[in-house]
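Colleague: Take a look at what TrEMBL says about it:
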{"type": "TRANSMEM", "residues": "A:95-115", "note": "transmembrane segment"}
{"type": "TRANSMEM", "residues": "A:121-141", "note": "transmembrane segment"}
{"type": "TRANSMEM", "residues": "A:162-179", "note": "transmembrane segment"}
{"type": "TRANSMEM", "residues": "A:185-209", "note": "transmembrane segment"}
Amino acid sequence: MKLTQEQTQYIFDYVSSRDIKWYELQVELTDHMVSSMEEIWEKDPELTFHQVKQYAENNFTGDSSFKSIEKERTEILGKEFRKEQWKMIGEYLKFPKIFASIIVVFLTFKISLYFEEPRKFVAGLFLFLIFVAIPMVYSYYKNRKIDGNRFIEIEKSNPLTLLFGGFINFGLSLGNVFKEEINEYALVLFLFCCLWALTVLCLITGILLQNKTIKRVKEQYQLN
Amino acid sequence: MIMYRNLMYICFRKEIALHLLMIKNMKNSQLYKGSLNTIIMKLLEENGKMYGYEITQKVKAITSGELNITEGALYPALHKLEAEGILDVEIEKVDNRMRKYYKLTEKGTTETVNRLSELEDFIRNMQSLVNPSPKLEF
């Protein structure tokens, strides 16, 4: 026995009301519940809608609860995106893209030598990235909802939650610890230039990954 | 052994029957989890595209209701395979709701062959260890 439009909507709202705010999960769990309910109802038409719902819901308890499934998906996507981003960064350390990376490090290092206190230049480089992050934050807020729906995939592919944010923090903190060494030793200065270039790579790959994810989600769910 | 043979006949699918039997008898959740992905991939290889509920029902039908894949095991497995690029997703409007179908990617099809082969080797080795064939010595 098929569920009506209103009954299906009721199940969708019910799933959402269980603190499942992500559209991809709302869609999948609603379909699972409704398919299960339709089958139970087919076997026993005497049951009421709420009885059938209760039977279907019994499969989503304990480790199979909606929240457990959501938690697992969030962890899986976070891990996979980080893996994917490292893979993309790795591409910039291979031929031919490695030449672009070498040029960025070399130019940064060369320019820093013109400064009396290279430490300030290095700190400026990392602070510059914070300003670069402002349009990124705007872009994230603009794209975090598609047609009013939120997706874990998009949330997890946000460059700020990926490696980029962490590297800015790391660079600034480390720069503070080694402020004397940066001014005195060219090698330390060079290493900081490498770290900055790596942060830039995190930014570029993070943006590419997010754009790719948004495009894919829009295509899959036929959203604009 | 008799049960093993019966299951083989019921399934009409030698490989799935073998894998499901192994899972059914497994008390070790690690082994279960390890094989679940292969089962999903095998089912998708045979059926093209499937949705979550359909997979649970298919497994139940193949094993005559003896094996239940819980939702808490199924969805993380599907989501992981999707994130790894082994499965692709297709959303379709069915009746009055959206349905998320899973299907194997090109990479997933190749991976299925490898994983099935690995699992078959594992089953064969376990079979040899658990139930070694008698030595024919006179």
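Along the chain as shown, the residues are counted starting at 1.
Backbone N, Cα and C define each Cβ position, glycine as well.
Since the structure is predicted, the reported quantities are computational estimates derived from the model, not experimental observations.
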Colleague: Can you tell me which recorded stretch out of A:121-141, A:162-179, A:185-209 has the most Cβ pairs within less than 8 Å of the transmembrane segment (A:95-115)?
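Modeller: So the stretch in question is A:185-209.
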Colleague: Restricting to the same chain and to residues at least six past its boundaries, which positions have a Cβ under 8 Å from a Cβ of the transmembrane segment (A:162-179)?
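Modeller: Distant Cβ neighbours of the transmembrane segment (A:162-179) are 81-82, 85-86, 119, 122-123, 126-127, 129-130, 133, 188, 192, 195-196, 198-199, 202-203, 206, 209.
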